[in-house]
Structures are given as C-alpha cells and as structure tokens.
Amino acid sequence: MYGIVMFVNRKEELEFLERKWNENKANLIILYGRRRVGKTMLIKKFLENKKIKRASIFC
C-alpha cells in the first residue's frame, strides 16, 4: 500500500480539535502516540480548510 494514504476512524479526534479551535481562548494540544499511526496526517487533515497565517507542528 505504498503511496496510498488512508484516513479513517478519526471522527472523534477531529471533533475534539474542532471544539478546541472554536473556543475563544488559546489552547495547547499535545498529540502523542506510536510512530506511523497518523498523528501528522490528523493535524494536516484538520488544518486543510482553516484560514491560518501560521501553525507550528513538531513531529
């Protein structure tokens, strides 16, 4: 499956990020887990339709 990116079963995580995004205050969110489980893809998927000037992502 090289070259194919699958993004499934992340509805709960995306809803959590959306709730935090819509709060009118600063938040620090630490996303952790085993390697190669889709942490970076989750953040990219969440941010793809957001109008932001800058985002810092450390992997």
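From the backbone N, Cα and C atoms, a Cβ is placed for every residue, glycine too.
According to Swiss-Prot:
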type	residues	note
BINDING	Gly33, Arg34, Arg35, Arg36, Val37, Gly38, Lys39, Thr40	ATP binding site
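Mapped onto this structure are the features recorded in Swiss-Prot.
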residue: Gly33; record: ATP binding site; contacts (Cβ under 8 Å, 6+ apart): Lys39
residue: Arg34; record: ATP binding site; contacts (Cβ under 8 Å, 6+ apart): none
residue: Arg35; record: ATP binding site; contacts (Cβ under 8 Å, 6+ apart): none
residue: Arg36; record: ATP binding site; contacts (Cβ under 8 Å, 6+ apart): none
residue: Val37; record: ATP binding site; contacts (Cβ under 8 Å, 6+ apart): none
residue: Gly38; record: ATP binding site; contacts (Cβ under 8 Å, 6+ apart): Phe7, Arg10
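When other Cβ atoms within 10 Å of the Cβ of Lys39 (ATP binding site) are tallied across all protein chains shown, the result is 16. Note on Thr40 (ATP binding site): other Cβ atoms within 10 Å of its Cβ, all shown chains, come to 12. According to DSSP, Thr40 (ATP binding site) is assigned to a helical segment.
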